[in-house]
Amino acid sequence: MSETYDFLFKFLVIGNAGTGKSCLLHQFIEKRFKDDSNHTIGVEFGSKIISVVNKFVKLQIWDTAGQERFRSVTRSYYRGAAGALLVYDITSRETYNALTNWLTDARMLASQNIVIILCGNKKDLDADREVTFLEASRFAQENELMFLETSALTGENVEEAFVQCARKILNKIESGELDPERMGSGIQYGDAALRQLRSPRRAQAESIQECGC
């Protein structure tokens, strides 16, 4: 059975190893916690269709390895990404301090208008927190990022992170800031959207033929 959707967006999940990136992806796709998760080697992939602002959007999500030895491999997957979850662990100052490097890579290597949401993961471990909500919120504001704290364990704000990112991309499409037909935008029209685009064009062509212009 073929899938019907209006748009396809390429997403990345980036950040240091051990921040729970694979668990976030698994919680989003499967609606359950992946308790046997190991560090990603290279890149993992998942996809899901979501409803956003009366549109069906298929997200193709690339979960990249956080270890430095895989960076040269994973950077090749940045090209043409429309959105990204930039993930740190609220219980690890080290993962937070690395955010600037990940952000630089994303903005240099992905599409020029990539939409990024900062995710402070492991919100369920608040008692072990090393990074405050306020300082992460300030970092997000200074770098023009959206921001949520998430828990891959409980599912809190996991779907919301992907939906918020997709919604902002849709808003940019509607405003003309993003063009799905531009090479490397990380966005493609789905069958449903293409049918809507072709219908007015077909009607216009038929009108021209009828008037003999």
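Each residue, glycine too, has its Cβ placed from N, Cα and C.
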Expected hit for motif 'Switch 1' in Swiss-Prot across 27-32, 39-44, 177-182, 207-212 is 39-44
Which range of 65-74, 135-144 is motif 'Switch 2' in Swiss-Prot? It is 65-74
Min neighbour Cβ count (10 Å) across binding-site residues Asp63, Asp124 flags Asp124
Whole-number mean pLDDT, the motif 'Switch 1' (39-44), equals 53
Asn121 (GTP binding site) falls, by three-state DSSP, under strand
Candidates Ser22, Asn121 (binding-site residues); min other-Cβ count within 10 Å returns Ser22
Whole-number Å distance separating the Cα atoms of Leu153 (GTP binding site) and Asp63 (Mg(2+) binding site) is 17
